[in-house]
Amino acid sequence: MAGIRVTKVDWQRSRNGAAHHTQEYPCPELVVRRGQSFSLTLELSRAPDCEETLIFMVETGPRASEALHTKAVFQTSELELGEGWTAAKEAQMENTLTVSLASPPNAVIGRYLLSIRLSSHRKHSNRRLGEFVLLFNPWCAEDDVFLASEEERQEYVLNDSGIIFRGVEKHIRAQGWNYGQFEEDILNICLSILDRSPGHQNNPATDVSCRHDPIYVARVISAMVSSNNDRGVVQGQWQGKYGGGTSPLHWRGSVAILQKWLKGRYKPVKYGQCWVFAGVMCTVLRCLGIATRVVSNFNSAHDTDQNLSVDKYVDSFGRTLEDLTEDSMWNFHVWNESWFARQDLGPSYNGWQVLDATPQEESEGVFRCGPASVTAIREGDVHLAHDGPFVFAEVNADYITWLWHEDESRERVYSDTKKIGRCISTKAVGSNSRVDITDLYKYPEGSRKERQVYSKAVKRLFSLKASGRRTWIRRAGGRCHWHDDLLEPATKPSITGKFKLLEPPMLGHDLRLALCLANLTSRVQQVRVNLSGATILYTRKPVAEILHESHAVRLGRQEEKRIPITISYSKYKEDLTEDKKILLAAMCLITKGEKLLVEKDITLEDFITIKRAHPGASGEGLSPV
């Protein structure tokens, strides 16, 4: 009898695509998810007899091996049995055989080569059937990325567009973003990102063998989305100068960025800022099958020395002293959350994990951040992998202001210490509305539980046994040392202050507002008010000073007074960046040595004229851009 051969393969793309929720991928090869069977039909040169066997082999990556779980050899049986790859006969009609192949739920993800060996009467026939792509599977209960809610799977895995929130705490803006994970070439580009990583370049076989683990894959992507330390996708730029590239504010989606990276032979795309990095990483992780969302944190801390406080040094006009202030508070910062189990930490920490591709601080020698369990952040377990202290500080650091004197002494100034981590936001499931998820990250600000968690985090971080809080104190030149005394809050002053806008802040118009002061006592108070203002980037880095003036104010008993402030358009127009942000500060020096710092972030509105198009309409409407 002549040996048996495979003459044709039907990958059943339509059937498998529907079953695996992969029908949207435009790839020529089959795309399936791990831990779930898929079918293919083989046309044979003749009908097989009972003594003939079909042996399948799958391989991924270079030097594939069974020891590294990047290669598997398995033969057909009547049932799908075993913990590894399996093949089962579904149907047979003469010389046509339909088989069901299944990968284990912890299989390595990536591009596979499928081969078959047909053996009969000491005759063997080998054939490469072709390639397919295997992805993570949020629909599979045994997969570490399993997500139980179908609505959430539709949103966080399959939705190819979304909303990213930016702005300031009091004025949050929504921007549409095209993730485009099902666009042409995007899946291939995402797999290329993994292959371009330093880990793969140094040891490709070992790197590929680790791609069964969403923790590992997410950490690689976090590093590769930015161009620091590697030939990653996006180059950051925060100085407001975008020559030779595209302003971060002009991107509206990930597809153009990823395609430009590929066409430019993996040269970093210019330029990105936090929401661009987060948008691109969301595309990549959704494309690979990990449920991912974009999260915006308003008043986000950048704690460079990991003391869980942001120490800001100012002069007598409330202006930030850049050479002393290493920590910072951004108007907003955007990162990602991905949903998967933490086999390394235990089931208590399963669920949403923070990942941040914006290159801020190094993690194990590489600019990347996460995954950090959101549950661990809320509970103050900052000692757990990965990068817990940095993420905890982003949402819950204490904001401490110091007045720096000419003799290099410093003085604690009363200000809002609880302003970090406000209105943490993400897009709602199934709609474009904003959902506040602050309570997932921390207990109510200032509550007893929140203070207990903060104290726990400090002790975890520094392995302290003492009951009092010790903290780092920054000295000139950025050097730090232990401060052994309890850091008491600044004395609450006997006046209050608040900036109030008198008109909506419109680009092209003068800015009109007032500083409202109130005497809380029954005695007369003399107050020296030093006002300053500057155009800033969204990182709150000052660009140019636009206001500098002083006022002597007499406040009678329980009296309230307003100091009117006008900043002309001509004063700020030349130095306003694309962020369109201004920071105002008032240092209030009170009779008995008390000091109060009042700050306000302002985002100027852009307006365009829109004419009504329906018949008979008259007049025009104004709509914000």
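Just so it is clear, glycine is given a Cβ too, placed from its N, Cα and C backbone atoms.
Pulled from TrEMBL, these are the features on record:
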ACT_SITE  Cys274  active site
ACT_SITE  His333  active site
ACT_SITE  Asp356  active site
BINDING   Asn396, Asp398, Glu445, Glu450  Ca(2+) binding site
DOMAIN    266-359  domain 'Transglutaminase-like'
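Known features from TrEMBL, placed on the structure.
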| residue | record | Cβ neighbours (10 Å) |
| --- | --- | --- |
| Cys274 | active site | 26 |
| His333 | active site | 26 |
| Asp356 | active site | 30 |
| Asn396 | Ca(2+) binding site | 24 |
| Asp398 | Ca(2+) binding site | 21 |
| Glu445 | Ca(2+) binding site | 15 |
| Glu450 | Ca(2+) binding site | 17 |
Open item on the list: For the domain 'Transglutaminase-like' (266-359), what's the mean pLDDT in this predicted model?
Closed with: 96
Task: Spatial separation of His333 (active site) from Cys274 (active site) - C-alpha basis, Å - done: 6
- [ ] Show, in sequence order, which residues other than Asn396, Asp398, Glu445, Glu450 on the same chain lie with their Cβ within 8 Å of the centre of the Cβ atoms of the Ca(2+) site.
- [x] Ala397, Lys418, Ile420, Gly421, Lys442, Gly446, Arg451, Tyr454
Open item on the list: Going by DSSP assignments with H, G and I as helix and E and B as strand, what are the residue counts for the domain 'Transglutaminase-like' (266-359)?
Closed with: 18 helix, 41 strand, 35 coil
TODO: Give the distance between the Cα atoms of Asp356 (active site) and His333 (active site), rounded to the nearest whole Å.
DONE: 10
